[in-house]
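Look at Swiss-Prot and you will find TYR39, GLY64, CYS65, SER66, ASP89, ASN90, ASP117, ILE118, ASN132, ARG199 tagged as S-adenosyl-L-methionine binding site, backed by sequence analysis.
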Amino acid sequence: MSHRDTLFSAPIARLGDWTFDERVAEVFPDMIQRSVPGYSNIISMIGMLAERFVQPGTQVYDLGCSLGAATLSVRRNIHHDNCKIIAIDNSPAMIERCRHHIDAYKAPTPVDVIEGDIRDIAIENASMVVLNFTLQFLEPSERQALLDKIYQGLNPGGALVLSEKFSFEDAKVGELLFNMHHDFKRANGYSELEISQKRSMLENVMLTDSVETHKARLHQAGFEHSELWFQCFNFGSLVALKAEDAA
């Protein structure tokens with residue numbers, strides 16, 4: 001059962017850096033719905049993309065799966081035999097709850113839920129890979145290598161879904177969308193103290209890129225096509241496609 005996020009409603013003397021610990025895992029569904037505009041749409045559309053891209057006898061990877069929302073959306077939309085979903089997260093608290101969520105919904109497609117580092121996972125025989133608000137928590141210097149590995153592990157015609165919080169090269173636009181996002185959180189019941197404390201904890205851990213930077217990395221990895229398919233304020237999602245005739 002998810003609880004309402006009140007983690008930062010009182011002043012915290014020493015904030016430290018953000019971690020996906022048991023306290024965060026307990027309130028995560030409420031937190032992300034109230035903090036990430038368009039999150040529910042992205043999750044449901046990931047399922048629609050899965051219906052289009054997942055092929056028989058292949059694997060789907062959910063890298064940084066948290067509580068398994070994207071995994072469940074994908075699994076609901078797989079209608080082929082001999083497919084498997086591999087869901088990975090490095091947070092023990094998230095993985096424990098993810099396993100409970102996956103087990104609560106029965107479906108023919110098996111799911112391997114793995115506690116581990118996505119940088120160490122081999123990507124093989126993949127028709128679809130999901131990075132849903134995950135890449136932004138890696139060191140920027142490590143992001144290209146992960147995208148390279150994903151491209152190599154995708155089958156021809158496969159797709160990567162990359163959802164992120166964005167920064168903007170146009171400072172005026174960036175300021176507007178930053179403020180709109182804060183308005184969104186206020187409208188969802190977060191106080192100025194909650195917004196400020198969470199931002200302070202995240203600022204050294206979540207380092208955002210522009211859409212242009214993401215597209216450049218995807219192109220360097222080998223993806224022939226990539227495009228922003230969803231955006232709400234400074235959050236959005238790209239889809240990158242490996243050509244059907246790729247070697």
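For all residues, glycine too, the Cβ spot is worked out from N, Cα and C.
ASN132 (S-adenosyl-L-methionine binding site) falls within a strand segment according to DSSP.
Summary for the binding-site residues ASP89, ASP117: the Cβ-based neighbour count within 10 Å is maximal at ASP89. Overall, the recorded S-adenosyl-L-methionine-binding residues TYR39, GLY64, CYS65, SER66, ASP89, ASN90, ASP117, ILE118, ASN132, ARG199 cover a maximum inter-Cα distance of 25 Å. TYR39 (S-adenosyl-L-methionine binding site): 19 other CB atoms within 10 A of its CB, across all protein chains. In the three-state DSSP reading, ASP89 (S-adenosyl-L-methionine binding site) counts as strand.
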